[in-house]
Amino acid sequence: MRTSMGLIDDKNSDPTLERHFKGHRDTVTSVDFSCNMKQIATGSMDSCVMIWNMKPQMRAYRFDGHKDAVLSVHFSPSGHLVASASRDKTVRLWVPSMKAESTVFRAHTATVRSVNFSGDGQTLVTASDDKTIKVWTTHRQKFLFSLNQHINWVRCAKFSPDDRLIVSSSDDKTIKLWDKNSRECIHSFYEHAGYANYVDFHPSGTCIAAASTDNSVKVWDIRSHKMLQHYQVHSGVVNSLSFHPAGNFLITASSDSTMKVLDLVEGKLLYTLHGHQGPVTCVAFSRTGEYFSSGGSDEQVMVWKSNFDCVEFSDGVRLQHKTASSSQTPTATSTTHFPLNSHTSVLPLSDMLFLSYTSPSSFLCLVPILSCLLFFLQTVSILEQRLTLTEDKLKECLENQMEIGLHLQRSEEA
């Protein structure tokens, strides 16, 4: 296969199917990797949570407990817990071992569609058909607060990488960005043709991506509120998506039975993956990005090897393709260059940044650096404010001491 960069010419550099699991009795709705890549958690319409062990000789664990479809699963950052959200209005926290120990709490008054751990693992955010988003403590599942501005079912809610923001998507055709501390909605992105089934933060925390029922994928800048990219590559509803941990790639899952690998740096479609018989309902990269997993209406869970690697280019470090160790079927099919136009252009990351359309390769490559720089500048600004306050207080104290001294001196003279 020849990439658009023309630097690699090897038919084995495509993503390859490593393993597939079958144990669910209905559509697989959600998939997630543990942090150490030893386990995969899946939820299904069959009301079960399953834990698949990556070692071939180890058996899978089947967890029964929910009384209706399981719509979302998520590993805690430590890998010691798995959270599951269900149509039975509850959330369960499982210990992913043979004992299948779990605690359950009634989280909402309607179907719970999404559950997500914060980056520190201390809190959970849930989204529901009762039109609310709720935040809970992981320990003892104490309710903290609710976010209530959506006017229809809430499909998905996620914490930002720094845990300061929450993003949510709803059937009311909005994607809302929330400040976790103030509990205020700080911006609403509007979908016009459909609604977002799934939404997530870019690893840098500066962008969000939404998988929409209008068959498209959109990437938004959360600071300038501009749409950065708009991909119209699927012929069916887009059900799920996942960012590669390095931030340069996005994988999407669709009811058109395919997955697409998108190059966010170049703004193009790289691969179309075939494997599932029927709609692909969920997809997730592993924590390192070395693998990704998918689930579908065919009741199968597939594990793919990404075969992405870092290659040094003259204009910086960029993720590119790496020759696979083996070629198995089904594999990804290479695609033609997806043209950059008004719907797929790479826009400036922010008006205050020097990035421009003439340098699309800079997009997202510099995002982590710029994010750190902005955070540093904000920190310096806060420190300057505190220093000014301290100086003012010190000046006030000195003036008071001088007044007291003068007063004492006058008293003695009198």
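Just so you know, glycine gets a Cβ as well, placed from its N, Cα and C.
The repeat 'WD' annotation in TrEMBL covers 21-62, 63-94, 105-146, 147-188, 189-230, 231-272, 273-305. As annotated by TrEMBL, transmembrane segment applies to 354-377.
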Could you check if the repeat 'WD' (273-305) is in contact with the repeat 'WD' (63-94), meaning 3+ Cβ pairs under 8 Å among residue pairs at least 6 apart in sequence?
-> no
How many helix, strand and coil residues does the repeat 'WD' (21-62) contain under DSSP?
-> 0 helix, 21 strand, 21 coil
Within the repeat 'WD' (105-146), how many residues are helix, strand or coil going by DSSP?
-> 0 helix, 23 strand, 19 coil
At an 8 Å Cβ cut-off, counting only pairs 6 or more apart in sequence, do the repeat 'WD' (105-146) and the repeat 'WD' (63-94) clear the bar of 3 or more pairs?
-> yes
Would you mind listing the long-range same-chain contacts of the repeat 'WD' (63-94), meaning Cβ under 8 Å and 6+ residues beyond its ends?
-> 26, 29-36, 38-39, 41-51, 100-117, 119-121, 124, 126, 128, 136, 138, 141
Checked against DSSP, the composition of the repeat 'WD' (273-305) is 0 helix, 20 strand, 13 coil
